[in-house]
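K.L.:
Once you've had a glance at the structure underneath, I'll fire off some questions.
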Protein chains: 2
Amino acid sequence: MKLRILAAAVSALSLAPIYSAAQELIQPIKPPAQINIGMVELGKKLYFDPRLSKSGFISCNSCHNLSMGGSDNLPSSIGDKWQQGPINSPTVLNSSLNVAQFWDGRAADLKEQAGGPIANPGEMGFTHTLAVGVLQSIPAYVRDFKQVFGTEKIDIDGVTTAIAEFEKTLVTPNSRFDQWLLGKKDALSTDEAAGYKLFKESGCVACHNGPAVGGASFQKMGVVEPYKAKTAAEGRFAVTGKDADRFNFKVPTLRNVEMTYPYFHDGAVDTLTEAVDIMGRLQLGKKYTPTENAQIVSFLKTLTGDQPNFAMPILPPSADKTPRPTPFK
Amino acid sequence: MKLRILAAAVSALSLAPIYSAAQELIQPIKPPAQINIGMVELGKKLYFDPRLSKSGFISCNSCHNLSMGGSDNLPSSIGDKWQQGPINSPTVLNSSLNVAQFWDGRAADLKEQAGGPIANPGEMGFTHTLAVGVLQSIPAYVRDFKQVFGTEKIDIDGVTTAIAEFEKTLVTPNSRFDQWLLGKKDALSTDEAAGYKLFKESGCVACHNGPAVGGASFQKMGVVEPYKAKTAAEGRFAVTGKDADRFNFKVPTLRNVEMTYPYFHDGAVDTLTEAVDIMGRLQLGKKYTPTENAQIVSFLKTLTGDQPNFAMPILPPSADKTPRPTPFK
């Protein structure tokens, strides 16, 4: 129903001869406001620190690699002892714009999400208590926590709060599409603009909307035709227990989608061409021509924004008393 | 014999009432000269690119992590499919100053070294041909290679040349000890200066000398007493086949040694205190008092220099035709 209303809205919009950002269902990405810089710097270190894992080898950045679109570009991630993850790792870029975190939305926000992988036996394989113990033993971290939180007592709440604060900075403004939305009408080529028109008129924008071009709702994967997934994940059903939520997944952001392959919750699809084709058929009952498909793909590539640009953090060394990682135990 | 001559030289030096850099057996680290910046930028991307591994998960930076002293801070590294490496990963920092690469010196230089892990089944688990094929399929890399090497044909020689050029920039000047060498006499505390005096007078400097405070020669691990290693590695013997080279290892650099734990070729020792104790007893037949040990450790911590400071590279996305990683096959 919601889909139909949005589709109608889209259809109406597409009749307008001139687009302006105010009329669009996609909005430009704004730089983050109200950021605590000291906390961001601490969170950045923690994000890159593999000592939050049992092995001392896996950090947040291992699976949400900021050199690679905030993802690992693998169908499913590699966890402690090379365990295969059950689902594709979504990008961390612009994840602050998501309605909730994880494909099934089981974490309300970035802070809640950040604690998950640390203690997941299949991911970082550690415990919150042990991770906090490692940090507490490192004098430079104790100083950082004292400065940021006013106490030398480190706890998981502070750890995840700082990581989330850093992640809030990981937005990617200034894509060519955003330049276009903001009035630079030559920012898109004819094909790219045609691709956007198709994206709107054929209904993609019904789910992929808002500043993140997605991330705002849970939708069924496989509306017109069922999606034959390579994982057993049942999406939102795992959180709500409602049958209606089976195979409902958070709509992924399409920001930087050129960099966040492979696609879908099972990471089964390598190319945008194939992803657009499948989405058209399964979600919209529409078979795009090769030209239409190429135009939509060319539009999607205009959604690549400014990537994170900061100096790699230098992590404080462990102290003599710091518990050591146990990658092979 | 060489050891004895050096020890005599050290002893003579230690009588001099005033030290100057010219008289020391350790020299300050100089910033690299003659660097090809375009090649460095390409090499930096390659250094961080896990697509040089079979799994798409392991990059040079995985085991030589520039956030962690150019090492992984593990006794031995984690390779493809979580294989346990046979030896401790040495730091990449200041490795351009080494007489040769790897603990056994089997690679003459950084360029030769860089090709090793890519094709090592226990490390990145790939082949040079496959790695080059991946890069060749990525248009932005082809452009980079064209710009840097004048040809769009990528080969492993170009790949390792660029990685080596990047690694040449990974020197760490400006440590407090270097400031002291360069004339800032209050750069060291009394204990740190006493530690350096002990380091020289008791003979450590016989092997740990030059700008890298090591890396200039192969020496036997266990001179006075045998070292009971946790690995079977036989060091230089593996390269020369000479019995005299058995358990001869490249003397590791002590630059940034506070950050490059655990210590020794088997990574068996977690703390500098223990490492100094073992080195004193096994290499010099000397049992340091707790005060002496603490002074030497405090000196060693003055060898931490400016860490690499650059923006994380953003890696060009794979193209539709790019072969995909196979982490679980």
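Including glycine, each Cβ sits where the backbone N, Cα and C put it.
No curator has checked TrEMBL annotations; they are predicted automatically.
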K.L.:
Just to be sure I read the record right: A:CYS204, A:CYS207, A:HIS208 are listed as binding heme c 2 in TrEMBL. Which of A:MET221, A:MET259, A:MET279 is listed for the same site?
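P.N.:
Record source TrEMBL; matching candidate: A:MET279.
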K.L.:
Within 8 Å of the Cβ centroid of the heme c 1 site residues A:CYS60, A:CYS63, A:HIS64, which other residues of the same chain have their Cβ?
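P.N.:
Everything else in range on the chain: A:TYR47, A:SER59, A:ASN61, A:SER62, A:ASN65, A:GLY70, A:ASP72, A:SER89, A:VAL92, A:PRO117.
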K.L.:
Helix, strand or coil at A:CYS207 (heme c 2 binding site), per DSSP?
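P.N.:
Reduced to three states, the DSSP call for A:CYS207 (heme c 2 binding site) is coil.
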K.L.:
Would you work out the biggest C-alpha to C-alpha distance among A:CYS204, A:CYS207, A:HIS208, A:MET279, the residues that bind heme c 2 according to the record, and give it in angstrom as a whole number?
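P.N.:
Greatest Cα separation within the listed binding residues comes to 12 Å.
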K.L.:
Once A:CYS204, A:CYS207, A:HIS208, A:MET279 are set aside, which residues in the chain still have Cβ within 8 Å of the Cβ centroid of the heme c 2 site?
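P.N.:
Close Cβ neighbours, site residues excluded: A:PHE199, A:GLY203, A:VAL205, A:ALA206, A:GLY214, A:VAL251, A:LEU254, A:GLN283, A:LEU284.
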K.L.:
Between A:HIS64 (heme c 1 binding site) and A:CYS207 (heme c 2 binding site), how many Å separate their Cα atoms?
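P.N.:
That comes out at 24 Å between the alpha carbons.
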K.L.:
Tell me the Cβ contacts of A:MET279 (heme c 2 binding site) under 8 Å, same chain only and six or more apart in sequence, or just say none.
P.N.:
A:CYS204
K.L.:
Reported as an integer number of Å, what is the Cα distance between A:CYS63 (heme c 1 binding site) and A:HIS208 (heme c 2 binding site)?
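P.N.:
A:HIS208 (heme c 2 binding site) has its Cα 24 Å from the Cα of A:CYS63 (heme c 1 binding site).
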K.L.:
Calculate the distance in Å between the alpha carbons (Cα) of A:HIS208 (heme c 2 binding site) and A:CYS60 (heme c 1 binding site), and round it to a whole number.
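P.N.:
About 26 Å separate the Cα atoms of these two residues.
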